[in-house]
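> Annotated Zn(2+) 1 binding site per TrEMBL: A:Cys434, A:Cys437, A:Cys472, A:Cys475, in sequence order. What TrEMBL records for A:Cys443, A:Cys446, A:Cys460, A:Cys463 is Zn(2+) 2 binding site. Taken from TrEMBL, the feature compositional bias 'Pro residues' applies to A:179-188. Per TrEMBL, the feature compositional bias 'Basic and acidic residues' maps to A:657-679. Residues or ranges marked as domain 'Primosomal protein N' 3' DNA-binding' in TrEMBL: A:61-166. Residues or ranges marked as region 'Disordered' in TrEMBL: A:1-20, A:171-192, A:642-679.
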Amino acid sequence: MSSEHGQNKPPAPTPPGGEQLALIRDTVRKAKVPRAKPRTWRGAALAERLPVARVLVDKGPVHLDKLWDYAVPAELDADARPGVRVRVRFGAGAGNVREGRREGGGLLDGYIVERVAETDYKGPLAAIAQVLSPEPVLSPALLALCRAVADRYAGSLADVLQLAIPPRSARAETASPTPALPPPPRPEPGSWTRYPAGPGFLDALARGGTPRAVWTALPGPHWPTELATVIAATLASGRGALAVLPDGRSAARVDAALTALLGPGRHTLLTADAGPHERYRRWLAVRRGSVRAVVGTRAAMFAPVQDLGLVAIWDDGDSSHSDDNAPRPHARDVLLLRAVQERTGFLAGDLSRTVETAQLLENGWALPLEAGREQVRAAAPLVRTVSDGDLARDPAARAARLPSLGWRALREGLLRGPVLVQVPRRGYVPRLACERCREPARCPHCVGPLEAADADTLRCGWCGRGAHPWHCPSCGGNRLRATVIGARRTAEELGRAFPGMPVRTSGRDHVLDAVPDQPALIVATPGAEPVAEHGYAAALLLDGWALLGRPDLRAGEEALRRWLDAAALVRPQGEGGAVVIVAEPTLSPVQALVRWDPAGFAARELAERAQLGFPPVSRMASVSGPASAVAELLESLELPPDAEVLGPVPVPPAEQGRPRRAGETPAKRGRPEPEEPWERALLRVRPGSGAALAAALKSAQAARLVRREGPPVRVRVDPPDIG
DNA sequence: AGCACGCCGACT
DNA sequence: GTCGGCGTGCTC
């Protein structure tokens, strides 16, 4: 009975009597699973010390978001340490003492959170079925962090653990741990001397301090090395450091800078493209303390760095810092929680500045790390604006829709090196606008945004009605600004305007990392701009109105961020670097670019948000789903007294997202519900009540799930797209 | 989520 | 008299 139908599995330990039934069931159910079969341990002796394990079940519905007590068999005593992955039987009947009957209940994965002497549970404990691996992957610090993240985002601990702990790869665990290298010597400040507070910040880190700063990086190629220097200074104190970057490209640049600074062996790169096995191997090396510094993309925000001394984030305004999976935590906020919980230094670095980091400065939690005006002038290109009505007289330039100033900048730049042309992504433009006054075109029936269904048809993005003869309600114009011309067509047109000049494009599908230092036109969409070896000679930022016209609270902030990112790749003004932006010169993001003043812009933006009661000054959450389900959830919410409910309003079909998992039939009463229109409500609380709001949402959501009330409702704390 | 227990209608 | 509907509640 110990062989399982010829499968070449290791022989089962001889079970105590009366267990055949369970073995047979497992064999029949999943004969292909090559795992050691879990035992039921009935009658087995328990561990002598601390025979109770408190287990967090990894998957399952939200209301399982609590600890369960299991007995620890003596045989598993040594391996069943806090933090290890285990399998437990869970479900009705599992503990039922109808002898010899069921050993039922499914096997679920989980983690031992602690070992204790006694249980509060009145009833017989089931035993842990199996210790999957003796590797303690869930440390107390990681658990505390994940709990805090789950609370902040009204999500379940199990969901957060899934983001924080990579899937196991048994092979990776067998590698013998290498001892950590000794702390490196304290690094030279290098280009940090351009910032008055820079050397002091490095010094504080190197001496074991925990300074907190918002760093507005000077334009140019130095920031990866500067970030690496900050990490090296923290390592010099004998502590670890963690830096999170928005994409693999920028993470690789900082990784390379660290290698140049420290050589190999003291740091590791944690990004998705390493593959699951390699990722787990590196993660383990970090957890085991072999490697003290981590550079990575957002999943690295949970990296179990030992004795963490600094957490850093680069470009926190980039949307890829929001995780895709529930509860969709933002790397900046996770790192802020870590900085507080693990008492570390904090650095948010950026060429621009978000309102969130502006708020850290305003309330005094962090200090600014900024260069003086003369350093900015020395590093930044000359920025000029041109309104796009002003078309060049040159026929080739007219054909490429270039204003004269832009045309000149391109022509002169190309004499001295590569020139960057930034074009908003096609499809990035959410709505049409009046050609004359730029007033967004709205549906005459429901005020939704109008879209161009095809060349000649207008349709409302919300209600779907057509709006054929359109007139601008504010200026009476009847011509619409259509779509943005995409990168590829822009490249074709520029190629005709500059015959013989090489034209390359970099966009979503094929992103260029770098371009050589030769005259060429580089057409790129925002975020995909290649680095030029010695900087671009010039840049032309086209169709600024498209970035600014997005119906989003962050449109201005985001546009400025995109422009600064591109303009920072251009040579300094003193070396002839020039930027021309095609946009309305009076708009404040445009002016902030011309003055190279992201800090001032963010401060004004923050003040405005405070005035309007918008995040991050207040905290918001969105609740969306079928109208009746949203209404029920709102009804059952026990909100803090200062909470406001905005809406609900209809959700345009395009934003409803994919339907929930298949096989879920909302109609249980036989009465098939018609697919109900979706609604979204926003909840808003004053500063300080964010935790109460999240707690209220979490318990209302849990109550719904426990009672299986209708279709699920999507809850999101800090929704990114409030317009 | 599963899966039991439990309390009311039409069937061999 | 039972079989079985799915409402309610628990799972260490």
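Cβ from N, Cα, C; glycine included.
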> Residues of the same chain, at least six outside the region 'Disordered' (A:171-192), with any C-beta under 8 angstroms of its C-beta?
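Contacts with the region 'Disordered' (A:171-192): 133, 135, 198-199, 201-202, 206, 222, 225-226, 229, 232-233, 235-238, 261-262, 265-266, 277, 280-281, 284-285, 288-292.
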> Measuring Cα to Cα, how far is A:Cys475 (Zn(2+) 1 binding site) from A:Cys460 (Zn(2+) 2 binding site) in Å?
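Here the two Cα atoms are 20 Å apart.
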> By a simple count, how many Cβ atoms lie within 10 Å of the Cβ of A:Cys443 (Zn(2+) 2 binding site), its own Cβ left out?
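Around A:Cys443 (Zn(2+) 2 binding site), other Cβ atoms within 10 Å: 22.
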> Could you work out which of the binding-site residues (A:Cys434, A:Cys460, A:Cys472, A:Cys475) has its C-beta surrounded by the smallest number of other C-beta atoms within 10 A?
A:Cys475
> How many of the residues that make up the compositional bias 'Pro residues' (A:179-188) does DSSP mark as helix, as strand and as coil?
0 helix, 0 strand, 10 coil
> Which secondary structure state does DSSP assign to A:Cys460 (Zn(2+) 2 binding site), in the simple three-class scheme?
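Reduced to three states, the DSSP call for A:Cys460 (Zn(2+) 2 binding site) is strand.
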> Roughly how many Å lie between the Cα atoms of A:Cys443 (Zn(2+) 2 binding site) and A:Cys472 (Zn(2+) 1 binding site), rounded to a whole value?
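About 11 Å separates the two Cα atoms.
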> Mind tallying the domain 'Primosomal protein N' 3' DNA-binding' (A:61-166) by DSSP state, helix then strand then coil?
27 helix, 30 strand, 49 coil
> Return only the integer: C-alpha distance in Å from A:Cys460 (Zn(2+) 2 binding site) to A:Cys472 (Zn(2+) 1 binding site).
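Counting only the Cα atoms, the answer is 15 Å.
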